[in-house]
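Student: From Swiss-Prot, for reference:
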- 335: active site (ACT_SITE)
- 406, 409, 413, 416, 419: Ca(2+) 2 binding site (BINDING)
- 309-391: disulfide bond (DISULFID)
- 349-373: disulfide bond (DISULFID)
- 351-356: disulfide bond (DISULFID)
- 407-426: disulfide bond (DISULFID)
- 418-436: disulfide bond (DISULFID)
- 420-431: disulfide bond (DISULFID)
- 430-453: disulfide bond (DISULFID)
- 444-450: disulfide bond (DISULFID)
- 449-474: disulfide bond (DISULFID)
- 462-481: disulfide bond (DISULFID)
- 404-488: domain 'Disintegrin' (DOMAIN)
- 258: N-linked glycosylation site (CARBOHYD)
- 1-20: signal peptide (SIGNAL)
């Protein structure tokens, strides 16, 4: 285990509270001004990083002390991450920027098991955290020669028009069975499929309308997308899905697929472009288009359902909002949920929050959690139709993890046997959440060839053949499902 770097931040509350201010997050009606003062850090490793792997902040909210623990989101980018834009004559320009020492963090509030946080530390602190069921935002005021930040509740951000924002989901069938209750699901007794980690290698495309919306500032667009994906990855952690950004495209010379007022037509054209062009030069599982287009009928996002591993249909489109990154991230999480086969929530679905990610209408309140219905349907689908998500089992190379492992962040890193999250959240009996080691007597914690914490017998089919392919079999000595040596 690594020694966690502690950085204490003393936040002195300004003698008055602001009544109204315009921030990147919008027009805020009520806020506190605070001044982060960084106490000298503990000795660092010989190799210096601009952004620490782990930090701790202390401040007060409503007069009560809060301790915020942050850990760098080391799984944010894939090893082969690339960025592509286009010259004025349409020539493709691809770069591979260094992204290991980035400034995007996840975290928690000490002594609050239900807390979450997503923070950018690139230029001051910017992001949100959940404390005792309420969402707060922190953002730099960007005053000359000042470290002043604003802390405010989401309810104090002026909302846009109250018209219901709708999600559009394209079905490939006319009807489907309703979501079953948890008691009706036929889960394996050991739950090994439930605990199996899955990986979505994601490409995000900023269309030409978004490029012009931000005055051609590719750096700003990239930063916006990093922040969105940092929130998105946190949304999917409880589902044991790791989302890694593997590519970013900016259509700087013009639209490369049709973008119209019709969300259906725009989605269809984007899917055709992905199959025809993007897949031929960039390996990935899913592509999402971030667009500056305002679609008709109050559509905020559109996606195909149960399409995650389909060549054309593993796509979604999401409307960009300049000031509301968390809002865009939650819509994208919603559309990817449809790609995974998850339906809209019914009125009876709950998620211990004011709104859930898969609500049919988009709430102004941040929706950071999937409902019980969404989780149950997802688990049911991967048990009864595992081939529909076959592309999500190829783990990204661990060489992209360049900093020491952090136990409890859900990511299996070098030196760990398993990682099922913080002890309060871990539900895997094969994994000791406090040490990220296997529990006594366990041979494995997850994997297609792991059953009841033990390796499955040699010769057990772990991956059924598709088409002219061959079945894959467990070897009896590992939890993974090795490729059949007879594969051509």
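Cβ atoms are placed via backbone N, Cα and C, with glycine included.
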Student: Once the chains shown are all counted, how many other Cβ atoms turn up within 10 Å of the Cβ of the residue listed as 'active site'?
Tutor: 26
Student: If you average the pLDDT over the domain 'Disintegrin' (404-488), what number do you get?
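Tutor: Mean per-residue confidence for the domain 'Disintegrin' (404-488): 81 out of 100.
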Student: Could you give me three numbers for the domain 'Disintegrin' (404-488), the DSSP helix, strand and coil residue counts?
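Tutor: Output for the domain 'Disintegrin' (404-488) reads 0 helix, 13 strand, 72 coil.
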Student: Which whole-number value in Å describes the distance between the Cα atoms of residue 420 (disulfide bond) and residue 409 (Ca(2+) 2 binding site)?
Tutor: 8
Student: Rounded to the nearest angstrom, how far is the Cα of residue 419 (Ca(2+) 2 binding site) from the Cα of residue 436 (disulfide bond)?
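Tutor: Distance between the two Cα atoms comes out at 5 Å.
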Student: What number of additional C-beta atoms lies within 10 angstroms of the C-beta atom of residue 462 (disulfide bond)?
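Tutor: I get 18 for this one.
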Student: If you measure from the CA of residue 481 (disulfide bond) out to 10 Å, which recorded positions from the list 258, 373, 391, 406, 409, 416 are inside that radius?
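Tutor: Among 258, 373, 391, 406, 409, 416, not one has a Cα sitting within 10 Å of that of residue 481 (disulfide bond).
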Student: Mind checking which of 349, 391, 481 has the fewest other CB atoms within 10 A of its CB? They're the disulfide-bonded residues.
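Tutor: With the disulfide-bonded residues 349, 391, 481, fewest surrounding Cβ atoms within 10 Å: 391.
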Student: Using C-alpha atoms only, work out the spacing between residue 356 (disulfide bond) and residue 349 (disulfide bond) and round it to an integer in Å.
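Tutor: Cα to Cα, residue 356 (disulfide bond) and residue 349 (disulfide bond) are separated by 8 Å.
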Student: Which residues in the same chain, at least 6 apart in sequence, have a Cβ under 8 Å from the Cβ of the residue listed as 'N-linked glycosylation site'?
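Tutor: The list for the residue listed as 'N-linked glycosylation site' reads 265, 266, 269, given in order along the sequence.
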Student: With residue 444 (disulfide bond) as the reference Cα, tell me which of the recorded positions 406, 409, 453 is the closest one.
Tutor: 453
Student: Based on DSSP, name the secondary structure state of residue 335 (active site): helix, strand or coil.
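Tutor: Looking at the DSSP assignment, residue 335 (active site) belongs to a helix.
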Student: Have a look at the recorded positions 309, 413, 426, 474 and say which one has the shortest Cα distance to residue 373 (disulfide bond).
Tutor: 426
Student: Where does residue 373 (disulfide bond) sit in DSSP terms: helix, strand, or coil?
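Tutor: DSSP assigns residue 373 (disulfide bond) to helix.
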Student: Which of 413, 416, 419 (the binding-site residues) has the most other Cβ atoms within 10 Å?
Tutor: 419
